[in-house]
Amino acid sequence: MFFSQAGARPRMWEASPSEHKKWVEVFKACDEENKGCLSRENFKVAVVMLFGYKPSKIEADAVMSSVDPNTSGILLKEFLDIVRKKKEAQLYRNEIRHIFTAFDRHYRGYLTLEDFKKAFKQVAPKLSERIILEVFRDEVQESFTMSLRAADFKEQDAGLPWWSGG
């Protein structure tokens, strides 16, 4: 999709001191045995506490496989890095959704070619129509309506998950 091709990436985001403190407190609360690391189950509880959802088995497997095999779980430093990346990805998705919504002036949930042209005219007035058409065609996946849905508009970084830092 064009965001990944254009090099758009979530920006490095820094947590506020109060947010960082909250993450550390959640880590400590979930480290029930005071080992200094989180087990798979404790990690899932921490994600529920911070993000309001239970990670899938696949997500938990991927996170657990990315931690140092010489430890018995996720260390605080690793946990903070995972949470920061998750927060960055969350903020980036929200930003993309906000941009799409701004261009979806008729609240249809998709952009037509005309909507797309108008959007590019606003943000990149000197961009040639040929390039706009190429980008639109690359983004539209043989849709009958020849429109770009919100789901097509988001970044598709070769399936890289949020915790990979991809």
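Each Cβ is built from the backbone N, Cα and C atoms, and glycine gets one as well.
Just so you know, TrEMBL annotations are computer predictions that nobody has curated.
According to TrEMBL, the feature domain 'EF-hand' maps to 18-53, 91-126.
Mean pLDDT of the predicted structure over the domain 'EF-hand' (91-126): 85. Taken residue by residue, the domain 'EF-hand' (18-53) breaks down under DSSP into 25 helix, 2 strand, 9 coil.
In terms of DSSP helix, strand and coil, the domain 'EF-hand' (91-126) has 24 helix, 3 strand, 9 coil.
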